[in-house]
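For reference, the structure is listed below as structure tokens.
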Amino acid sequence: MAICMPTFQILTGINSILFYAPVLFQSMGFGGNASLYSSAVTGAVLAGSTFISIAAVDRLGRRVLLISGGIQMIICQVIVAIILGVKFGDNQELSKGYSILVVIVICLFVLAFGWSWGPLGWTVPSEIFPLEIRSAGQSITVAVNLLFTFIIAQCFLAMLCHFKFGIFLFFASWITVMTIFVYFFLPETKGVPIEEIIFLWRKHWFWKKIIPEYPQVDDNHNV
């Protein structure tokens, strides 16, 4: 979990869109100023959407937000890929209508990330580790997040040049994987104190096969 959660958070493609939003929009045919304005809008949407997560996370639970956010991100990525694949070619520019549609869909993608994998990519790892290994787990989470942020940041422009509109399908496929992963392997931590988190893992259909049961102690107090 310490490795998968931060890895999946970066593989949503959000950092690529935020880092290279001006380049991305400019490559779609937006002017220089328009691309900067569009990237500013996506950044504002991301900041505002975190308040949705703050309001809903303890009501709906972590799994609901992660899964629903993942589904919305998949839909948005596929829609953008279809628009660019069908309506956008070499040395062409998107029409004004399609350009606005692309910005709206990307904002919806950023919105979904902002109330799901954005904040919960940090919240969930802070909750799922028993106290004995919490510091180690958190250290791994941060290190993996920074590592994949660096890797994606270095590779995105080359991937954009080679994949073109397929870059959105690439990230959509990863979001599909992580949504399935959450559905099957992430237990709901809503309302569970950290001191009791180990019991949650022992009840999970998969992790109970790995998490050891209570140690048996004999009369001589040997484990």
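Indices start at 1 and increase along the chain as displayed.
Every residue, even glycine, has its Cβ placed from backbone N, Cα and C.
Taken from TrEMBL, the feature domain 'Major facilitator superfamily (MFS) profile' applies to 1-190. Taken from TrEMBL, the feature transmembrane segment covers 6-25, 37-57, 63-86, 98-118, 138-160, 167-186.
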Residue list, the transmembrane segment (167-186) vs rest of chain: Cβ under 8 Å, 6 or more residues beyond ends.
1, 4, 8, 11-13, 16, 62-63, 66-67, 70-71, 73-74, 77-78, 80-81, 84, 117, 124, 156, 159-160, 204, 206-207
By Cβ distance under 8 Å, which residues at least 6 away from the ends of the transmembrane segment (6-25) in the same chain are close to it?
32, 34-36, 38-39, 42-43, 46, 73, 77, 103, 106, 109-110, 113, 117-118, 121, 125, 141-142, 144-145, 148-149, 152-153, 156-157, 160, 167-168, 170-171, 174-175, 177-178, 181
